[in-house]
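A.B. asks: There's a structure below that I have some questions on.
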Amino acid sequence: MTRPMLEALDLAGVRGERRLFDHLTFRIVPGECLSVHGENGSGKTTLLRTLAGFATPAAGRVLWKGKPLRNQWSEYQRELVYNGHGIGLKEDLNALDNLLAAAAIAGEPVTTECVESALDEVGLAEHRHLPFRMLSQGQKRRASLARLLLYRRKLWILDEPSTALDQFGARWLGELIHRHQSRGGMVVLTSHQELALKTSQTVRMGA
């Protein structure tokens with residue numbers, strides 16, 4: 001039996017004084033994708049932030065390789081990519097410099113050639129020197145997702161990664177996630193857009 005890498009044990013989450021979810025338990029092994037569904041305000045983002053270690057659960061625990069996150073915070077962050085609602089890149093920098101700066105902050109040694117290759121894969125090679133503010137929302141989202149190509153991390157936590165993507169972009173994202181799974185990677189995501197995913201588990205919030 002494959003040992004779980006990420007475990008949520010009897011998790012509860014709150015926002016303000018409102019209880020968003022309670023008694024959530026699941027385990028993720030290499031190669032799995034967990035899809036989180038629910039209405040707006042049901043706690044999907046709170047759950048993802050809790051799994052990433054950015055929010056403290058109201059109850060329960062999150063384990064990585066069988067140990068609590070608080071006991072291995074630095075190691076866990078080196079194995080995680082968290083892509084939130086926001087794009088997370090600077091409007092005044094171009095896409096190339098944005099990704100180089102983001103990689104440096106994340107502690108990922110990448111070359112300019114690697115970043116250019118990632119931008120080419122997401123269809124932004126010709127726009128790599130444009131100020132980020134001049135790109136469309138879909139192009140900005142693709143630039144943000146290009147980080148997944150640069151960071152060799154086991155776990156991807158993606159909050160609405162298909163936002164602003166067209167049909168081509170959504171199909172590319174589904175293929176990218178499938179490749180990550182085939183290499184033993186793990187994914188936790190929320191998405192309002194249907195993606196062609198090999199989903200192993202589903203969590204329904206507010207059910």
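Each residue, glycine too, has its Cβ placed from N, Cα and C.
Heads up, here are the entries from Swiss-Prot:
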BINDING   G38, E39, N40, G41, S42, G43, K44, T45  ATP binding site
DOMAIN    6-207  domain 'ABC transporter'
A.B. asks: As a test of the contact definition, list every same-chain residue at least 6 positions from G41 (ATP binding site) whose Cβ is closer than 8 Å to its Cβ.
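C.D. replies: Spatial neighbours, sequence-distant, of G41 (ATP binding site): none.
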A.B. asks: Applying the rule Cβ within 8 Å of the centroid of the Cβ atoms of G38, E39, N40, G41, S42, G43, K44, T45, what extra residues of the same chain belong around the ATP site?
C.D. replies: L20, M205, G206
A.B. asks: Neighbour count first, Cβ atoms within 10 Å, every protein chain included; then name which of G38, G43 tops the list of binding-site residues.
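C.D. replies: Ranked by Cβ atoms within 10 Å, first place goes to G43.
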A.B. asks: Which whole number is the mean pLDDT over the domain 'ABC transporter' (6-207)?
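C.D. replies: Here the mean pLDDT over the domain 'ABC transporter' (6-207) amounts to 93.
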A.B. asks: Let me know how many other Cβ atoms fall within 10 Å of the Cβ of T45 (ATP binding site).
C.D. replies: 20
A.B. asks: Inside 10 Å of the Cβ of N40 (ATP binding site), count up the other Cβ atoms and send me the figure.
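C.D. replies: N40 (ATP binding site): 7 neighbouring Cβ atoms within 10 Å.
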A.B. asks: Measure from the Cβ of K44 (ATP binding site) and count the other Cβ atoms within 10 Å, all protein chains considered.
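C.D. replies: K44 (ATP binding site) is surrounded by 24 other Cβ atoms within 10 Å.
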A.B. asks: Taking 10 A as the limit, how many CB atoms besides its own sit near the CB of E39 (ATP binding site)?
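C.D. replies: Result for E39 (ATP binding site): 9 neighbouring Cβ atoms inside 10 Å.
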A.B. asks: Provide the three-state secondary structure of G38 (ATP binding site) computed with DSSP.
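C.D. replies: Where G38 (ATP binding site) sits, the three-state DSSP reduction gives coil.
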A.B. asks: Going by DSSP, give the three-state secondary structure for T45 (ATP binding site).
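C.D. replies: Going by the DSSP assignment, T45 (ATP binding site) falls within a helical segment, counted as helix.
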